[in-house]
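Enquirer: I'd like to ask some things about the structure below.
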Amino acid sequence: MSGRHEKEKGVNVQVLLRCRPFSEEELRNNAPQVVKCNEYQREVAVSQNIAGKHFDRVFTFDKVFGPSAQQKDLYEQAVVPIVNEVLEGFNCTIFAYGQTGTGKTYTMEGECKRAKTGPNGELPAEAGVIPRAVQQIFDTLEGQNAEYSVKVTFLELYNEEITDLLAPEEISKVALEDKQKKQLPLMEDGKGGVLVRGLEEEIVTSASEIFTLLERGSAKRRTAETLLNKQSSRSHSLFSITIHIKEATPEGEELIKCGKLNLVDLAGSENISRSGARDGRAREAGEINKSLLTLGRVINALVEHLGHIPYRDSKLTRLLRDSLGGRTKTCIIATVSPAVHCLEETLSTLDYAHRAKNIKNKPEVNQKMMKSTLIKDLYGEIERLKGEVYAAREKNGVYIPKERYYQEESERKAMAEQIEQMGVLLETHQKQLQELQDKYVAQVRQCSDLSGKLEMTEKNLNETVKLLSNSEEELKKCRYELEEKEFIICEQKKAENALAHQACVLRSDLEKALKDNASLFLKIGREDKLNSDNRVVVNNFQVELAQQIGSLCNLVASSVSQQN
C-alpha cells in the first residue's frame, strides 16, 4: 500500500554535487577558493563579498563530492544503485550539468581504455561513470548466467542538430564532415516519449566492444579550445545502453525484461567574454546556452508546477523529457569550480541543481515482454530489412539522383522544422489562449466575488442603519431614564439632608436627656444614701427606745413591787 502511494506521489530527482580541484594555471595564479564542500553533512558553502560584507550561501544536496573525491568513490556511492535498478527493468538517466571546464566529460567518460597492465583487465582509476557502468552491467549479467542482449546508441546534439556518432563511415565522395555528421530527425513515439529515427543500434557482447564504440564516438564529438578549457565539448552527447534479459516464470513461460540506461554529457554553459569565443565558436556557445537556458526553464516549470512545460523549445529538453518529470529515475551530477573567477556560473549551477531536487518523477518498471512477441517483432523487422535489401539489389524501388535526394532531404528537414515551429507556435497560441481563458475565468470569478461582496456590504449597511436607529431610540430612552434617575437622586439627596438635620436635632435632644438622666441618677443615689442613713438612725433609735422601755418597765416593776 505504501509502495503504491509512493509511486503515485513520485520520487524526487537525485542531485549530486562535485567540485573539481584547482587547475595548474589557477594554482600558479593563487586563485582564491570560494567553494567549500562538507561531504558528511552533504553541504556546499559559497563565500561571497557584497558591499564589503562577507557571508556564505549554503546549499544541501543528496551527496557532495569535494576536490579530493575519486572517480571510484562517486561511482560506488551514487551510480551503483542506479545501474542495479536498470538491471531490474527500470529506465534510468544520469547526466552531468555545469559550467564549461568543471569536469563533466571527465566525470562521465574519464579514461575509457582498459588498463594495459591489469591482470584482469580492470579499469584505470581515472575511468568515469560510463565505462564503470558498462563494466558493472556485464559483470552482473555474466554472474547471473542468464541469456541477455545489450544494445548501445551514441548520438550528438550540436547546434540543435542530431547526428549519430556510431554511424558507419561509408566510402563516398561526400565530405568527411557530412559523412560523420549525418543529421537525424527527432520523432514522437506516440507514448509521450521521443525517438531518433535512423539511429544506429550496435549489439555488443562484452565491455571491451562498448569501450571501442565509446572511443570511436567520442573521437567524432566536436571539441574546441577556449580560455576556460583546452578541450571544451561543443555539443551534448547521449550514450544509451538497452538491456534485454530472459527470465523464466514458474509456469515455464519465458519473459524478456528490459532496462535502459541513458548517460548524458551536456556541453558546459559559458560566458563568451571569459571563454574568448569568436564567430563560429560564439554561435556554438549561444546555441549551448540557449538549450541549457531552456533546460533551466523546464526545471523551473516542473518545480513550480506550471501548467505548460516548455519541452518543445529545444531538442535537448525533448530528449530529456522522460527524465524530467516522466517515468525515468534520474540522477543529476552538478559540477562546479572552486575558483573565484567562476563564482557567478558556480552560483547559477548550484541554484539550478538545488531547484532540480524538487522535481518529482514517477518511475515505472518496464513491462516484461513474452519471448514469442519479441521474436515476432524481430521477424517483422528482418522482413522489412530484407525487402529493402531486395529492392536495392533488384533496383525495384524508388531511385533518384544523389543531388535530388540531398535536396529533398534538405526540403524535408526544412518542412519538418517548419512543422515543428508551427507546432511550437500552435502550442504557444494555445498556451496564450489558455492563459486568456484563465484570466477571463479569474475576472468573472473576481467580478462575481465583488458582486457578492457588494451585496453583502449593502446588506450589512442596511442592518447597520437599522441597528443605528435602534441604538438612537435606546439612547433616547437611556437619556430619559438617566434624567429621571438624576431627579430621583437629587430628591433623595434633599430628603437625606433633611433627615440628617433632624438626626442632628434628635442627637442634641438625646445628649440633653442623657445629661438629665445622669443628674437624676445622682439625685437618686443621694436619696438612697440619705434613706440608708435614716434607716440606721431609726434602727439605733428603736434599739435605744427598746432599752429605755425595758429599763422603764423594770423600774415600774420594781416600783410596783416596792409599792406592794
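Just so it is clear, glycine is given a Cβ too, placed from its N, Cα and C backbone atoms.
Look at TrEMBL and you will find 12-359 tagged as domain 'Kinesin motor'. Summarising the annotation, TrEMBL assigns ATP binding site to Gly98, Gln99, Thr100, Gly101, Thr102, Gly103, Lys104, Thr105. The feature coiled coil is assigned by TrEMBL to 419-474.
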Enquirer: Within 10 Å of each Cβ, count the other Cβ atoms and name the one among the binding-site residues Gly98, Gly101, Gly103 with the highest count.
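Expert: Going through Gly98, Gly101, Gly103 one by one, the largest Cβ count within 10 Å is at Gly98.
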Enquirer: In this predicted model, what is the average pLDDT of the coiled coil (419-474)?
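Expert: Summarising the coiled coil (419-474) by its mean pLDDT gives 88.
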Enquirer: Sequence gap of 6 or more, Cβ distance under 8 Å: name the residues on the same chain that satisfy this around Thr102 (ATP binding site), in order along the sequence.
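Expert: Those within reach of Thr102 (ATP binding site), by Cβ under 8 Å and sequence separation of 6 or more, are Arg20, Gly268, Thr335, Val336, Ser337, Cys342, Thr349.
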